[in-house]
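As structure tokens, the structure follows; a few thoughts come after it.
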Amino acid sequence: MTVTEMSWRPQYRSSKFRNVYGKVASREHCFDGIPITKNVHDNHFCAVNARFLAIVTESAGGGSFLVIPLEQTGRIEPNYPKVCGHQGNVLDIKWNPFIENIIASCSEDTSVRIWEIPEGGLKRNMTEAVLELYGHSRRVGLVEWHPTTNNILFSAGYDYKVLIWNLDIGEPVKMIDCHTDVILCMSFNTDGSLLATTCKDKKLRVVEPRSGRVLQEASCKNHRVNRVVFLGSTKRLLTTGVSRWNTRQIALWDQEDLSMPLIEEEIDGLSGLLFPFYDADTHMLYLAGKGDGNIRYYEIGSEKPYLSYLMEFRSPAPQKGLGVMPKHGLDVSACEVFRFYKLVTLKGLIEPISMIVPRRSETYQEDIYPMTPGTEPALTPDEWLSGVNRDPILMSLKEGYKRTSKIVFKAPVREKKGVVVNGIDLLENVPPRTENELLRMFFRQQDEIRRLKDELSQKDIRIRQLQLELKNLRNSPKNN
């Protein structure tokens, strides 16, 4: 049975979300003139919260990203200040869920960095991070903040390791070392007690993050997994991937038994990666393909067939990636239940798309806005590391959705030393470099040598000009 056939079943017509539609912001409320990165890494290259929009940009030498206050829509000047401290391409960026001016970034330069954005945004280029975190021996492809604990950050590198950083001390405190290839995706359950990962070794894993113990593992032969998302507190997972016939596919899993998916659904025959987004408040799943212009959305149920197709938002412009606004940044007066920020590379455009439940009433709609995870952490790093689990602290969007957190980030003072996790010095035990990495380093060094030669040549020309001017000055009649 296809998803489309499922959508004709009469019981789904009673859904309050059956008429949800996507509304694109007017051109003056978009962000224009942005040199969006051309990097082919399968990430979103975009992060958004209730105050700022961050976008990874194309840059010559090193990596950079823009941070723009949300109210500053319209055309962005070419010389707009950037965050540009990384020595390699920036591969992922994520806002701290509890401190709205703190953003984490990771890069091909093997570092993870924490940046503090000043009130009102950047006035000049920012090159100094409040924290530079070194523990990976390869480039770092993913960063994720823990959903309920302040200052706990996860990073996944091309060294096949996941490091857990305690930012109170600025050190890695745990290492998850169960993967045998590049980690493609990480997703937490609601209280952050479980971590689901997909990996290039074609396995889906559910891991206990503090011990690094693999609780469940699926070898996906018929469904080559790319992305995974926990479906809130339903004890279910959803993955997107590719079938053995190279069609795009989604699969639903029981987190306590990954021996077989509960259902598998083929979507279409296109080749772009499918990004899944889940809204636990409305039980809606959004699927957006990289390079597609459309976003499909479904409702997730607790009983078979579990998944009902609702509608499709269509647009001719292909998306490179999508940022998602946290719930407390939505416009509840317009009955907005989800908001994407779509990256349109060819136009240098970031386009907000609001998913709206059509309602006639102007009053606050309690039924579509249940209590939702807010901006206060439930745990300190020490509590979580000692084994405590706690659900997120919930907030109502009726009164408190513009309330800002009072937590301030304090960077620890550290001295340079080895990074020891699980008894292994991560910076001493570096695996041998691959041929591609050596070639990349060689070409980077060649570029640097060329740049230095050009600089020396320019300085040499300037010195000759000055010598000539000095000679002319000495030979002038005035000096005779």
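Using the three backbone atoms N, Cα and C, a Cβ is placed for every residue, glycine included.
All annotation found in TrEMBL is predicted automatically rather than curated by experts.
As annotated by TrEMBL, domain 'DUF1899' applies to 10-74. According to TrEMBL, the feature repeat 'WD' maps to 83-125, 133-175, 176-217. If you look up TrEMBL, you'll see 449-476 marked as coiled coil.
Taking Cβ pairs closer than 8 Å, the repeat 'WD' (133-175) reaches residues 41, 43, 88, 91-99, 104-114, 181-183, 185-188, 190-192, 195, 197, 209-210, 212, 373, 377-385, 390-392, 407, 409, 411-412, 414, 419, 421-422, 424, 426-427, 429-431, 437 in its own chain, all 6 or more past its ends.
Here the domain 'DUF1899' (10-74) is broken down by DSSP into helix, strand and coil counts: 8 helix, 24 strand, 33 coil. The helix, strand and coil residue counts that DSSP assigns across the repeat 'WD' (176-217) are 0 helix, 23 strand, 19 coil.
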